[in-house]
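Here is what Swiss-Prot says about this protein:
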DOMAIN    3-120  domain 'MTTase N-terminal'
BINDING   12, 49, 83  [4Fe-4S] cluster 1 binding site
DOMAIN    143-375  domain 'Radical SAM core'
BINDING   157, 161, 164  [4Fe-4S] cluster 2 binding site
DOMAIN    378-441  domain 'TRAM'
């Protein structure tokens, strides 16, 4: 009888990536098959996020539902991972004694041993340590699930913004070696992946070891990824302005594989608030980066993160944020009301902005961003956009859907063989969250050519050291 695994994931793209790796790992080691139905599962895993308000209570609310399943099936294994697990540790079991496994973002690779331990002597396991980059050495080979893929290039963050829990839950910055990253991407390209999204809490701080022992920069890595045959688009998230250096901007100037879209969090337009947040940059410095980017790539579109109602934020501070939004002309944003995260410096600040005022500021900010986003979309009306076709449309299974370079979802009529390929689409309608168009050119009509297959690149560039260990040498 097939053993089944159910994973519920909350939070960022890093968590989505981690959950996919958990599924691949437990399939390889235990033969667990994913199920969307928790009642069918032999193992339930909750991959948590501590960024949102009341994150801990949300976890225990979900665990309360799963407790009923465990009462019906005592052999059911329940595990809690992610950032809340890293923060709370053994405290989770004090409130939910039926939880069998507690693991952090850096110990998910040990899940097979944890499950074996629980199956063996029924003793609970808690492992929320930070074992450097070990987890990537223990994960199975990547499996493509469509033409796009996430690839983690680093873990953790050293910035210690006063509102953020990431350095405490994921540890400080650790970069994967470049050959590991490039080999994983080449394997994905061999399976039909055309677009990769490089992940990290602060990707532009990547300083990975190269095959010759030197230390690479993020700009170096972007160019190496762009050189992999079969990879036509590169995205990355998330970045910090303080390390968005000129060499990265130069990659936008000379590397067409890097898309004309950037998510660069700023959080506030007030230097006073930025200082309270520990952001180490000013609004003017942020705008200077954007000016350089648009000089290198005039059509680039920018999204950002904003926190409203941070302790001490005045009406004047908020107006400065609104001015920054207008000056930069952001395309979209992830914007939130401040809520204190336990254990962070901001949690000790006086939360002196009334709740109704926070809500009003958030509404004003989001309305302005939505207006700007719609204006950007209207400029695309009547233009021809190159779309990477990802699959069927969520709105209509008889239609296809894909994304433009600037991250717009486009729905259109097409045929199944277009999935995983590029098509040129004329934009005919504009909606708040998507565009609509008609195909004017298929990939076969574009004259695109792959000079060398990903399989041959892997075979040609694979080397072995004196111990017989293979590595990828560009």
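Even glycines carry a Cβ here, placed using N, Cα and C.
With a cut-off of 8 Å between CB atoms and residues at least 6 apart in sequence, the same chain places 267, 277, 278, 279 near residue 161 ([4Fe-4S] cluster 2 binding site), listed in sequence order. The two recorded residues residue 164 ([4Fe-4S] cluster 2 binding site) and residue 83 ([4Fe-4S] cluster 1 binding site) have their Cα atoms spaced 11 Å from each other. Other than 12, 49, 83, the residues of this chain whose Cβ falls within 8 Å of the Cβ centroid of the [4Fe-4S] cluster 1 site are, in sequence order, 10, 11, 14, 15, 48, 50, 51, 82, 169. All protein chains included, residue 157 ([4Fe-4S] cluster 2 binding site) registers 23 other Cβ atoms within 10 Å of its own Cβ. Least crowded of the binding-site residues (83, 164), judged by neighbouring Cβ atoms within 10 Å of its own Cβ: 164. DSSP assignment over the domain 'MTTase N-terminal' (3-120) gives 64 helix, 22 strand, 32 coil. Long-range Cβ neighbours of residue 49 ([4Fe-4S] cluster 1 binding site) (same chain, at least 6 residues apart, Cβ-Cβ under 8 Å): 10, 11, 12, 15, 55, 82, 83, 84. Over the domain 'Radical SAM core' (143-375) the predicted model carries a mean pLDDT of 95.
Residue 12 ([4Fe-4S] cluster 1 binding site): 19 other CB atoms within 10 A of its CB, across all protein chains.
Each residue of the domain 'TRAM' (378-441) gets a DSSP state, and the totals for helix, strand and coil are 5 helix, 33 strand, 26 coil.
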